[in-house]
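J.: Below are the features I grabbed from TrEMBL:
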- 13-135: domain 'Response regulatory' (DOMAIN)
- 64: 4-aspartylphosphate (MOD_RES)
């Protein structure tokens, strides 16, 4: 997975590959509605996909399996077999989007490292859910950068890929595991976003303590921080569950 720090705040560029022009246009419109993503191009054949990946270097490719001049899994395999270099950049990530439901195709996609597999037909919510979990994963990997990952980090990353962030199994020094779980549960139970003061009231802890735990969960990608700007003063920190 490409996680270049210099692109940490840039939108994820997406190449949409589908033999049906109408379907590709619909999927591209879905992508453009999701914050943090932008469509870089569309391809309607294996040859076009190979050409555009080299030309625009997308971060993510939404790959159909059935293409007029080949199949999408073969395209993925060819792209992964090409050596990475400073000139070509890192390999893109792949999400398979197809009507293929046979287990053999699903297994091959998994073996090739597909980050998700969406079965057609589907609507915008399904696409948004998969891309949002993928974005959360990218952001968390960028925060880890080149540091070695321990088992808790690995469990968390795989949880993010499934859209179910894993709570760190070993809280940092000064954090209580039961309190950490209570804070997380309070955020997940909220109907929308929630403030540190509201979490403190629901859990029965002080606001500074709630803020400390929320910051810890934010760093680990378990909750998402949003800033709400009013007419005056500092922006309010609001938190919502990831996944």
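Sequential numbering from 1, following the chain as shown.
Including glycine, each Cβ sits where the backbone N, Cα and C put it.
Where the annotation comes from TrEMBL, it is an automatic prediction and has not been curated.
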J.: Mean pLDDT over the domain 'Response regulatory' (13-135): what is the value?
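T.: Per the prediction, mean pLDDT sits at 93 for the domain 'Response regulatory' (13-135).
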J.: Sorted by position, what residues of the same chain at least six away from the residue listed as '4-aspartylphosphate' have a C-beta under 8 A from it?
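T.: Within the chain, the residue listed as '4-aspartylphosphate' has Cβ neighbours under 8 Å at 17, 18, 19, 72, 97, 98.
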J.: What are the DSSP helix, strand and coil residue counts for the domain 'Response regulatory' (13-135)?
T.: 55 helix, 32 strand, 36 coil
